[in-house]
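Q: Can you keep this structure in mind? I'll have questions shortly.
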Amino acid sequence: MKLAIIAGDGIGPEVTAEAVKVLDAVVPGVQKTSYDLGARRFHATGEVLPDSVVAELRNHDAILLGAIGDPSVPSGVLERGLLLRLRFELDHHINLRPARLYPGVASPLSGNPGIDFVVVREGTEGPYTGNGGAIRVGTPNEVATEVSVNTAFGVRRVVADAFERARRRRKHLTLVHKTNVLTFAGGLWLRTVDEVGECYPDVEVAYQHVDAATIHMITDPGRFDVIVTDNLFGDIITDLAAAVCGGIGLAASGNIDATRANPSMFEPVHGSAPDIAGQGIADPTAAIMSVALLLSHLGEHDAAARVDRAVEAHLATRGSERLATSDVGERIAAAL
């Protein structure tokens with residue numbers, strides 16, 4: 001296995017070190033290459049993501065990312081120049097966000113309900129393609145547009161992936177959109193789910209408007225198994241899903257090229273948290289969860305399950321104990 005590591009900014013290097021510690025414990029001998037990308041490189045060279053680095057990243061099986069972002073860099077420079085560019089260059093058309101409430105983790109929802117679903121979010125289309133513009137900027141007559149781009153090809157490949165995941169899970173898929181208002185894009189998504197669903201007669205299909213889905217995520221999260229949705233709605237509901245499962249500090253994600261032509265990238269959802277960087281108190285659990293996603297994607301299902309069980313055991317027993325970053329990694333690695 002060839003792994004590219006982008007530790008990034010803030011607490012990124014700290015949590016990534018613990019994730020790699022767990023990876024080495026469960027799958028020894030991984031060939032690792034670290035890339036210095038983020039604020040430090042930007043300040044030193046003016047570069048964000050050189051073409052040569054993109055070419056090198058393509059030669060790896062997967063990418064492990066820590067966190068990107070620093071207040072010393074103008075907002076959007078690293079996000080667009082690094083994260084979004086990687087997404088489009090490597091065709092990460094699926095953003096995978098598991099949502100599970102682990103034993104021992106408190107949910108803001110009363111009764112700590114059973115929560116275990118996954119959101120399959122389209123990652124390269126929708127309103128995030130940069131298709132828009134503005135005229136008469138700064139005047140009372142300013143007009144600004146953002147065009148949501150949805151292609152039959154792009155929608156179908158994400159929907160097909162979601163059905164495959166539903167078949168391997170509890171065989172239930174929910175399309176989340178807003179078809180009553182976004183009739184053109186919504187119609188494409190709805191028709192595609194109906195068409196692809198014909199090949200999956202064992203998977204039950206449901207539809208919810210995005211506003212209703214946010215309500216049910218709070219009042220009845222157990223109804224969801226696999227959610228498939230577009231880029232914008234997915235961006236919003238995945239953070240809500242993380243919140244009801246204990247917060248983004250326990251949320252992992254995968255940015256996936258389902259064709260496997262390019263390496264997929266796995267990362268904790270949390271940010272770089274520069275205010276606590278270097279103090280050794282950042283929680284690396286989400287980064288370690290990202291390792292489980294990475295291993296599963298690469299077909300190392302037994303190793304992925306071992307990491308997940310070790311994380312579950314750690315969360316079930318740590319309670320309110322405050323642990324150093326390295327202590328968390330060592331505990332989880334020892335439980336493998």
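Placed from the backbone N, Cα and C atoms, the Cβ positions cover glycine too.
Got these off Swiss-Prot a minute ago, pasting:
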- ARG87, ARG97, ARG121, ASP211: substrate binding site (BINDING)
- TYR128: site 'Important for catalysis' (SITE)
- LYS178: site 'Important for catalysis' (SITE)
- ASP211, ASP235, ASP239: Mg(2+) binding site (BINDING)
- GLY271, SER272, ALA273, PRO274, ASP275, ILE276, ALA277, GLY278, GLN279, GLY280, ILE281, ALA282, ASP283: NAD(+) binding site (BINDING)
Q: Other than its own, how many Cβ atoms are within 10 Å of the Cβ belonging to ALA273 (NAD(+) binding site)?
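A: Taking every protein chain into account, the count is 20.
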Q: Please report how many Å separate the Cα atom of ALA277 (NAD(+) binding site) from that of ASP235 (Mg(2+) binding site), as a whole number.
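A: Rounded to the nearest whole number, the Cα-Cα distance is 26 Å.
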Q: Would you kindly give the Cα-Cα distance separating ASP211 (substrate binding site) and LYS178 (site 'Important for catalysis'), rounded to the nearest Å?
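A: Distance (Cα to Cα, whole Å): 8 Å.
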Q: What subset of the binding-site residues ARG121, ASP211, ASP275 lies within 10 angstroms of ASP235 (Mg(2+) binding site), using C-alpha positions?
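A: Matched binding-site residues: ARG121, sequence order.
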Q: Mind telling me which of the binding-site residues ARG87, ARG97, ARG121 has the densest Cβ neighbourhood, counting other Cβ atoms within 10 Å?
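A: Top count of Cβ atoms within 10 Å goes to ARG121.
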Q: Among ARG87, ARG97, ARG121, ASP211, the annotated substrate contacts, find the widest CA pair distance and round it to a whole Å.
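A: The span, Cα to Cα at its widest, is 27 Å.
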Q: Given the recorded positions TYR128, ASP239, ALA273, ILE281, ASP283, find the one whose Cα is closest in space to the Cα of ARG97 (substrate binding site).
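A: Going through TYR128, ASP239, ALA273, ILE281, ASP283 one by one, the Cα closest to that of ARG97 (substrate binding site) is ASP239.
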Q: Roughly how many Å separate the Cα of ASP239 (Mg(2+) binding site) from that of ASP283 (NAD(+) binding site), to the nearest whole number?
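A: That comes out at 18 Å between the alpha carbons.
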Q: Rank the binding-site residues ASP211, ASP235 by the number of other Cβ atoms within 10 Å of each Cβ and report the first-ranked residue.
A: ASP235
Q: Across all chains shown, how many C-beta atoms besides its own are within 10 angstroms of the C-beta of GLN279 (NAD(+) binding site)?
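A: Excluding its own Cβ, the number within 10 Å is 12.
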